[in-house]
Each structure stands twice: as C-alpha cells, then as structure tokens.
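Undergrad: Supplied in structure tokens, the structure appears directly below.
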Amino acid sequence: MADRRGVLIPLLILGWFFFGPDPARQSAARLQQRPSIEHVIAEEERSLWALRNSSYGDLNSPLGNVLNLTGLEDDRGYAWEGLQKVQERAKGRLQYALGDAGLKALEGEVGGSAPPALYSNVTGHVHGRWLRSKVQDSVHIPRLNLSTYAPMSPFGPLALDQFGRNITGVDGDVRMRFHERTPYDADTITGVANVTGISAEMTLQDSQSGEEIDLELYGVYDIQIGQAVMTTTSNKMAGIFMLPYFTLSEHVFESARTMLNKSITQTIRSQRTGGSFSLNPWSSNVEDNPRTAFEAPQCELILYLQQLPPSGSRTVATSSKLLAFLEREMRFPTGAFLPSAPELRFSMLAFSPDCGYVLESKGEPDFVPQDGQHLTGPKIEVLQGRGRHHLLLFAVAIVGQFALLMRQMREANTSSTRSRISFYSISLLALGDGFAGITFLFIGLAVRGLWINLIATAFLAFLSVMFFGMRFLLDIWTAQAPERAIRAREEAEEERQRQERFRATLERLRAEQLQREAASAETPDSSVTVVARPDADVHTLAPPSAHIDTASADTATPSLTLPVTAQRPTDTGAAAVFMPSDQEGLVATQTNTGTQTAADVEASSTSFGSIYIRFYLVLFATLFMTLNAISWPMGLRRAYFTTLALISLSFWVPQISRNVQRNCRKALTLEFVIGQSLLRMVPFIYFYAYKSNVLFADRQPYILIALAVWLWIQVVLLASQEFIGPRWFIRNDWAPPAYDYHPILREDEEGATMPLGLSEPTSSSAPTSPLVERRASLSSPMTRRGSIAKEAKGKGKRVYNCAICFQDLEVPVTEAGGSSDTTVAGILARRSYMTHAMISSTSDWVCDQKHTLHEPPPPPYDFPPDYEDAPTQPSKHALDTALSHLALAIAALYRAGPCYKRQSENLWFFVAGSWSREEYGRQVEKAGRGLRKRESVVRDVGFAEGKVREAVDVLWREGDARDARDLVEAVEGFRAG
C-alpha cells in the first residue's frame, strides 16, 4: 500500500493559512508599538464626535486651533496657511470649467442658468501630466523634527532623512483610477442626493528621478458641480475626519459632513462587530496591506479634482438629457444604439501640508491644448467594451498562430524535415504563447468586467502551447535524438581522450622522476632496473618502457633474417593481454572504452520530461521577474521590457544558426515564417503605437521601429538562406565543413566535380574491380548517352542529357583558369541543374501523394458489353466524340500526377492515328482548362476511367468495333503500367 503520509504536510500548511490568527491583531501584542483595534475604535469615535460638533471655518478660526483632530496641533508645524491659497486656486479652476453658474452652484444658490452637463458617475481612468503649481512660491516648506516621526525598532529609533512620497521633481506623469464608494442615487445611505463617496488610486511619476509613487485617497464627489475633494489618512493626520473643512463652501461642507457621519459610523460599526479588522480603513496603501512596524512615515496629500465639460467647451455643451441617457445605457445596457461616449476630463490640484509641495495638472488656460489637456481618459464601461474588442483581436491573432502551427506540423511530417527545424525557435514561440496566456489569466483575476474574455483568450493560448506547441517540440526532440547522441558520444570521446592524455602525461612525469631518482642513487651495477611499488597503481605508475614501439621491436629481433615464405605479423588492432604461465591474473592493458562511453552518454542524456520542467520554470521565472519589474524605476523598467521584447522577437535566430551549422534549407515554410512574424508583432504594435491601449502605455514609435527592423532582418535572412544558400553571408571557416550539393563546375575538373551521369569516363578512370568491370560490360552507349555534351546556347554553359530523365539540361561550367560566378544569379544557375523540371515535378508529386496515402484505390474498369444491335456502318462523328472523351481523361491523368501521366502514354498509341503530337498536346491542354476543381487523386483517376468507358461505349454503340477493340487494348496497357 502506498505511503500517503506526505499528504499531511500541505494539508497542515493550508490549515494554518486559513485558520491561523490574523497578523494584524497579533502585531500589537508582539511589538507593543501599534494600538489594538479597541484603541483605534476609541480614537475614531473621538474624531467623529469632533466632526459632528464643529462648524465651517473652524479650521481657520482666529482663536487658533479649535479642532481636536490629529494633524492640526500647533507643534506639528504643517503648512496649513497654504491651504487657503490652494482653495482659491481650486475655485479659479471651477469658474473656468463651469463659469459663474458653477460658483452659484458651489454656494448652493438656486435659479439662474444651470451649469454645463457633467457625468454623475465618474468611475473610470484618467491620465495626463503634472507640474509645480504657481501657488508653490507662496507656500513655505515645513521644518519638521523628523526624529519625532522616526519609527522605533528593538535597537532604538531608526534614522530618517525625509518622508516617503516626497515629490522633488518639477514635472511628470499622473494616472488615476476612480472607484464609486457610495452610489449617487442611494439616498437611504447618504442622506444627500448630490454628494457621493469616492476613492482614487493615484500614481505620480517623477520625470527627474524616475520614481513612481502609488497611493489611494478617499473623499467626496459633488455631482452638481463635478468637484471631488479627497485626502489621505494616517496616524499623523486624520484626513478623512478633516475632509469637510477642505471643501470650498459652507454648502458643500454640510453635505460632505452629513455623508461622512453616516459612512464613518457604518465603518466603526463594522470594526466593532468583527466585520473588519483593519486598523486604518482609509489607508493610503494601494495593496491594502497593513503597514509594518518599522515603515517610514509618508507625505500626506489633499487632492482637488474639477470635472471639465465632456465636450471640451462651455459654449458647445453636451445636452444633459443625452449625457444622462448615455451614462444610464452604459451602466445598465438595454441594447440601444449609442454614439461614442465622450471621455472624462478633470483638472487636478494636489497639496501636501507636511511636505509643502503643490502640484497641478497641465492644461488650459495656462497652456495650449497641444501642450496638455489636464487629465483625460475613458469611463470604465467604455474601457471594458474597448478591452473586449482588443481581446477579440488578440484571440484572432492566437487562432492564426495556431492554424499556421498546425500547417507547419503537417508539412514537417518526416524525420528529415523535423531534424532541420531548430528546437529553440519553436520553444521561443511556445514560451511567447505561454507567457501571454498566464498574463491574461492574472489580469482576469484582477479585472472583474473582462474575466470571461480574458480567461477564454488565455485558454486559446494554453491550448496552442500545451497540446500543439509541446507536441511539435516532442516530435522535433525525437527526430533529433540521434544527432544529440552522436554529439554526446563525441563529447564523451573527447573527454576520454583528454583524460588519457592527462594520464599519459602523469605517467611520463612520474617515470622520469623515478629514473632521476634511480640515476642519482649510488649502485655498483651499471644497469638499473626500475620496478614499480606493489601498492602503486598500475595505470598511473607504469613507466613508458612498458609500451613497446613497433619499429623498435623490429630492430630488436635476432640478426637472422626470416625465410621468404614466413608470414609477417599482422596488426589486428586487438588489445595486448599479459598471460602468465599458470593463466592466473589475466589482465588486459586496454579496457572497453566504447561500452563505457555509451554508458556515460546514456547516463548524461536528457529526457523530454526534464525539458517540460525547464520550459515551465523559465516561463514562471520570466513571469515573476516581469511582475517585479513593474515596480522598478521608469528607466530600468523600460530597459527591461525592451530587452524582453527583443528576446521574444528573436525566435528566428536559432533557426538561422541551425541552417548554417547543418548547411540545410527549407526547414520552415515561408508561409509559417511570414505569418508568425506578422502575428507576433500585433501585441507590440498595440502597446507601442496605439494610444488608447488598455494599459495607458506611452507610445514609443522608435522602439517599435527597431523591433520591426530586427524581426525583418531575421525573415530576410531565412528567405535568403532558402533561395541563395544557408552560408552565403558568412566565411567558410566560420562553420563546420559540410557537403555542397551545388558545387562550382570547371572545365579542367569536370571528371571530379560533375554530378553523376554528366561526366564522360576516361582511361584513367577505368574499373578497378571485377564487379565494376562486369557492370561496365553490361553498359552500352545508349545507357551512357548522358555523358555526351551538346552545343550550348551561351558562353560558359554546356548541354547534357540528364541521367535520370534523359532531358536536355544546360549546366553552367567555369572556364579553365577563370574565376567562379559568386553572384546570386550564378548561385541560382548552379542550383538549376539539381532542381530542373523532372526533379521538381517528382517532388511535387510526392508532396501531393503523401496526403492521399490512405485513400481507397479507384474502382476497377469493366469492359463494355457487346452490342448485338450495333449498326454495321460507323457514325461519322463517333470517333471525334471518343477522342474528346479521351482528351478529358488524359488531362485528368496529367493532373493526378507524373505516375499516371507516364501511364497515359499507352492511350497515345490509339490517338496517334488521328492526331499529331502537337495536336495531341493542344487538345489535352484545352481539356485540362475545362476540368472541375481538383479534389483528390482518386477522384481524378476515377473521372478519367469514366471518360474512357464513355469513349468505348460510343465506339461500340456506333458500330466502330475495330476502334473500340483497339481502345480496350490501350486501356489494358494503361492498367498494366
């Protein structure tokens, strides 16, 4: 029975993972540095009481700080005096966007002209450029005592030089994603109809340092004026409780305080009942994980966002009813036809009270629209619909790659073709599909609206990899197994020879040392005998004198010469064996190195199962590296992704190298090469050239052009290797020697370089064995007529008869002493005598027949019955009708293949009585143009036999019995082959 105790370990790990204690609740007990959930609830209730019992203007009260909230203490030293200037700047942005009607709506005034139509639900993505605000000059940088904010460690306070999220550059990029926290039409929750809860995931990128800052802000959104006020919350600033004081009017203050009173109360109730264990429900960390005990404090941020009219102008505003209909139909679709929805447009103003910087978006009226348009982007519904269309495009590209791969697998159905294909080229293609599939899978787990589309696309990619890509790799691996075995044996043999040389050198050195020691010893004898120690290794201590040289052995024989009839010793190559008199201790001086080498090769050979493991290890390692690279600085991240793209588009480089190494061509079809190259460029074109991509990646046309040129160079090299030669662009000594199937033919070396059947035998090349002599005696001038040269049409060429098909073949020959033609035309001319019409047609016929090997044979031909009532006089047009049927039959046989075309010559003997050879060819060609579309070889042969049967029937029916018998006899010759 199998031992299943190993299953307990993963079960225990999963049990601890799901049922273990929450680290957020245990951290305070372990380190005693963070408050418990009870202390957090008490502090939140105190701050909420302060919010409820305050009024608008308490933040800037002339009596000083009257709000008992964290972050407003006098000893903090924050730049709160700059908040009023930032609010004035925000009011100016409001007036520019909505005009005077917007200012009236801000104060809660009723009547007058209504503000322009704005989106009520702003869930979506926006991005743009930021720069330092003009208000920055009037806001002083706080001088804070950083030691009071330094986190405590077991060894004391940590060194702190600045807060995190501190912006030091002058401009950069900003991206924001809005989430709706409280539905705007759920009055029972908010209590107010025109204010909703909102949160935003914000990414600030500094162009100077390349640093990216991710944070999440929470706040309120006023639907009527399209203004959002958001802030961060931490243990050094109670931002969410101060939020109503950051608003621009008392009317918005009351609305925001009413909504926050109920939403914060619900959050505290959830914490008290155990529904939430978060110590900061409004944390600014995007990953939503609790801060560590030793994490440095972060800069706080107050954000003002003003929605601009979707049309882009106050004078040409979109109708409120139309915009409301578009918004309702996008959120709750009913199938109505919709025009294109306008994008979200926001102006941004960000203020950090503890770090003292003020940022704003780049756009009108300070800049022209060409320089910046503030923050723009699609709504989430538009983005999801666009993503579905783009995923459909990716799915079509994957299906195209899948179809091309299947066609290539069908073409590479022989071991010879598979051995020419590079294993690493197909592996790179499979890795690309696998990486795309896993990427879609991970995105599908994060994006709920596109989950089905992403999973379906990922399934197509995995289907292409696991069931067809890996199968093709297995076929290539199996076909190239003998090559790997030969290479492994060569490497093992080289290693064995290296060890033998090392062993021989060691023996020589030790023997010389022994000889020097023996020569230095004082002995009375003149001759010194060196004897190895009994405990020494025989192979390592044997002196060189143990190896007897053949030449020295001959000279060491007795002076008497051997008789003439005595047999000389023959070197059989057998291993020398020492045989004592009692036949004990039989020791061979040479071991069976071949068996040992084979065993070593077998032990070091790699199975395809290990290739599977390596494939997926590389795939997941690349994925994890890419996920980690997302958080790198901008320059390093761009370099990584560009390098990854360059490697992923280098899938033809291994195939080019293999063509050079093996001197082979036509490993992959041009259809597969060009099709895969175009389809693999689709994702790069999308992300590098398409502005509205789903990742909002910046367009980088220069990188895209470089990638396209690099891939185009590979395709051109592959195509040139097929038409010109695998090694035309390298020197001869850069690659191992290989047989040249298209050598340069010279007049002075024709006998040595002309192909078989094209050279004329000379006296010096007479047969040297009886077998060759008997074969030569059987040959006749007729069989050697291919060696007879004819007059050529051009200079430097000769005409020979092909020894295979006996057709005239014009061969380029270099004159004696002349230089060879190394141009492309010369190379193609040298290849022509190996790929002329007969060889090409035969290969085409083989390629056609390999798809019809399992088709049933054509039905047998039945002889026509004898017609008793046949007329005695033949019809005038009976023979013409029969010949037309025969022309159709012969045309179908021509199309069936060279084999049937050759057999159809039996029908020529019947037609020769009526047509000349030229007329015969014209009639067959004319009949061929009238044939239906080709389906298979069996159909063509069956059609031909049917037409022959009709011709015989016509002749019998019209009384032409003699021609009918002649045609039947010709058909019997055709069937006999």
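Just so you know, glycine gets a Cβ as well, placed from its N, Cα and C.
Got these off TrEMBL a minute ago, pasting:
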- 485-512: coiled coil (COILED)
- 759-770: compositional bias 'Low complexity' (COMPBIAS)
- 381-491: domain 'SWEET-like' (DOMAIN)
- 604-732: domain 'SWEET-like' (DOMAIN)
- 755-776: region 'Disordered' (REGION)
- 1-26: signal peptide (SIGNAL)
- 391-409: transmembrane segment (TRANSMEM)
- 421-445: transmembrane segment (TRANSMEM)
- 451-474: transmembrane segment (TRANSMEM)
- 615-633: transmembrane segment (TRANSMEM)
- 639-656: transmembrane segment (TRANSMEM)
- 668-689: transmembrane segment (TRANSMEM)
- 701-719: transmembrane segment (TRANSMEM)
Undergrad: Can you work out which residues elsewhere in the same chain, 6+ from the ends of the transmembrane segment (701-719), have a Cβ less than 8 Å from its Cβ atoms?
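TA: Long-range Cβ neighbours of the transmembrane segment (701-719): 642, 645-646, 649-650, 652-653, 655-656, 659, 668, 670, 673-674, 677, 680-681, 684-685, 688-689, 729.
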Undergrad: Can you break down the domain 'SWEET-like' (381-491) into helix, strand and coil residue counts using DSSP?
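TA: Going through the domain 'SWEET-like' (381-491) residue by residue, I get 101 helix, 0 strand, 10 coil.
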Undergrad: Given the model, what does the mean pLDDT over the coiled coil (485-512) come out as?
TA: 89
Undergrad: Using DSSP, how many residues in the domain 'SWEET-like' (604-732) fall into helix, strand and coil?
TA: 91 helix, 0 strand, 38 coil
